[in-house]
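Lifted from TrEMBL, the feature list:
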- 21-43: transmembrane segment (TRANSMEM)
- 269-296: transmembrane segment (TRANSMEM)
- 276-385: domain 'ABC3 transporter permease C-terminal' (DOMAIN)
- 317-350: transmembrane segment (TRANSMEM)
- 370-391: transmembrane segment (TRANSMEM)
Amino acid sequence: MESKPLTTRRLSVYNLRSNPFRTASLVFVVLLLAFATFGGSLLSQSLKNGLGSLKERLGADLAVVPLDHEADYEGIILSGQPEKFYFDQSIEQQIEQVEGVSKVSSQFFISTLAAACCSVPVQVIGFDPDTDFVIQPWIAKVYHEEIGDGQIIAGSDIVLNDTGTLKFFDDTYKVAAQLERTSTGMDYSVYANMNTIKMLVAGAREAGMNLSVDVYGTDVDRSVSTVLVKIEKGYDADTVTTNIRRQISGISIVKSQNVFASTANNMDVLLAFINTITLVLWLLAILVLAVMFSAMTNGRKKELALLRSVGAARGKICGIVLTESLLISILGGTLGTVAASLIIFPFSTYTREKLGLPYLLPNVAVTLRLLGMSLLLSFASGPFAATYSAVKGSKAEAYISIREGE
C-alpha cells in the first residue's frame, strides 16, 4: 500500500482529528466570533436602511392632525397601528393660505375590523390623486396607471389571497399592486383614492363601525384625518408651524424632521450597543484563541520537537500550527455565518416588530459584501491569534523539548 506524504495540511488535519474536544472548543470560539460579526453587521445595516427608507417616505415637511393626535399619527407612520381621527376638511383650504406653505394634500384614515367582514385588520389611507405628493411617487415605482375607483394598493406586508383581492366590510376590492418594502408602518397599510374611501365608509357604517368625528362634530363625508404640508423654499418648519398655529386652532402639528430625529436618536443608541458588543466579543474571542493556542502548543512540545529532530524546518513547524488555526477558523467562520443567516433572515419581521424601529434588510450585493468581510475577519482570527504560539513552538530546541516532555 502506497503511503501518502505527510504534507503540512495533512499533518494539521491529523492533529485536529486526534483531539476532537480541543478542536471543537476552538471551532466554537470562532463560530461565536463569526456569528457576532456577521449578525451584528446585518442588524446595523438593516437599521441604517430602515432609517433611510423612513426619511424617503415621510415626504411632507409637516402633518397637521386633530388636537392631541400626534402620537396616533406617528404610530401609523412608524408601526402601521390602525387609528382613526378626523377634523373638518375646510382646514385644508385654510392651511393652503398660510404664508410659507407650498403644497397641501389631505388624507383620510379608516381602520378595518378583525372580524369576518374583513380579510385583515389594517389601516386604510385615502389620498387625493390630484394633490398628493407623498404616496403617488412611491406607488409609481410598482404601478404606472391611475388607481381606479374600487381599487386598492397594498403595503408589502399585507397578505393577499389567490384572487388578488381583499374584503373590507363585506365588500371585495381588487388589489391593483403591492408596494415595495419600506420597513415603516406603510408596509402594513392599504391605500385608495377618495372615491374608494367613500365606499369603505359606507360599508363601515353598515357594519356598525363608529366613525363619529371627535373634534369638530362635522359629518365624516366632509372630514379628513390629516393635512400634509410641503414648505416653500426659504422658510423653515418652525416658522411655518407658528404661522399655521396663529391662524388655526384645535390642531396639532407633527414635524417630519422631529419624527426622523427621534427615530435616529433611538437607533444610534441601539447601533452603539450592537457595535460595542460585537467589538467586545471579537476581542474576547481573539484573547481566548490566543490562550488556547498557546496552551495547545505548550502541550505539544515533545511532538513538535520530534518533528524538528527528523529534519522538519522551523518554518514547517510554524506552518503546521498556523494551518491548524486556519482550518479551525474556516470551519468556525462558515458555521457562524450560517447560524447568523438562519436567525437573521427568517425572523426579520419578528425582529422589526420587537425593535419597534425601521428595519430593512440589505440587498443581495450588500449582504454578500458583509458576508465576505465577516468571513475574512473570522478566517484571519485563528492565524492571528496563533502566530505567537507558532513562532515560539518553532524556535524550541529539539533535545530540550524532548527531555521536558519525558
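Any Cβ shown, glycine's included, is placed from N, Cα and C.
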Original post:
Of the residues in the domain 'ABC3 transporter permease C-terminal' (276-385), how many are helix, strand and coil by DSSP?
Top reply: 93 helix, 0 strand, 17 coil
Original post:
Given the transmembrane segment (21-43), which of the listed stretches 269-296, 317-350, 370-391 has the most Cβ pairs that are under 8 Å apart from it?
Top reply: 317-350
Subject >> Confidence summary (mean pLDDT) of the domain 'ABC3 transporter permease C-terminal' (276-385) >> reply: 82
